[in-house]
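TrEMBL has this to say about the protein:
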| type | residues | note |
| --- | --- | --- |
| TRANSMEM | 44-66 | transmembrane segment |
| TRANSMEM | 72-91 | transmembrane segment |
| TRANSMEM | 103-121 | transmembrane segment |
| TRANSMEM | 127-146 | transmembrane segment |
| TRANSMEM | 167-187 | transmembrane segment |
| TRANSMEM | 193-212 | transmembrane segment |
Amino acid sequence: MATVAVLLWRRLPRLHTPVGLSYPALLRSTLGMFRQEPPLRWRAAIGALAFAAFSVLWTAITFLLAGPSYGWSEAAIGMFALVGVVGVIITPIAGRLGDRGRVRQVSGIGAAVLALSWPLIGAGGDAPGWLVAGAVPFTMANQAVLNANQHVIYALRPESRNRLDSAFMTSCFLGGAAGSLLASAAWTGAGWTGVSLAGGALSAGAFALWALERVRARRGRPRRRPAVPIRESAI
């Protein structure tokens, strides 16, 4: 791997970016965006919690399906994972709603569905029907939240979308890694019930952050003064 890295470093052409920053400076500026853009911080936190909940489900579900309650084969477990593909259905719908200015509603409804899916997922500990009934809307909602978050951050600085996306996705992947660790610990400690509680708590946290951001955004808006009649204003 080290040899390949050296070869790539010597062979790949040098590209000059419009911002005129070195790579270390580019990384520092990416981190600096967290300080400069509050919406990025909010959306990164929501995305991290949502992706952590996603990882909790899809990490622990393998333990469940391979365990004594189901006893499925590896092939059957792999087929069940195709349930995750349904997330692509919501992508164009969420995108169109975001373009119409409904991005906050999309992310809020998506975060709410994330949390509300977990009782169904929890009931699927020994019932595949309940498991599918919870996993399908959960996966679609997770994709909707992701799309809405990206819609918000891309509008902050259109000329710096790559750096904004790098900062945002780094937060999401850190959340996903933490979710995988939490899934293993929850399964070991309390089985599928523990997994469901952990995933539900993370999803509820994502919704709570969305609600808190919305409240703060409303408070930060300047209040409109009541209209003054023309005659009164002239006196």
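Each residue's number is its place along the chain shown, starting with 1.
Just so it is clear, glycine is given a Cβ too, placed from its N, Cα and C backbone atoms.
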Q) Honestly, do the transmembrane segment (167-187) and the transmembrane segment (72-91) touch, with at least three Cβ pairs under 8 Å and pairs 6 or more apart in sequence? A) no
Q: Count, for each of 72-91, 103-121, 127-146, 193-212, the Cβ pairs lying under 8 Å from the transmembrane segment (44-66), and report the range with the highest count.
A: 193-212
Q) Considering only Cβ pairs under 8 Å, which range in 72-91, 103-121, 127-146 makes the most contacts with the transmembrane segment (193-212)? A) 103-121
Q | Same-chain residue ranges lying at least 6 outside the transmembrane segment (103-121) that approach it to Cβ under 8 Å | A | 46, 50, 53, 57, 94, 97, 130-131, 133-135, 137-138, 140-142, 144-145, 147-149, 151-152, 196, 199-200, 203-204, 206-207, 210-211, 214
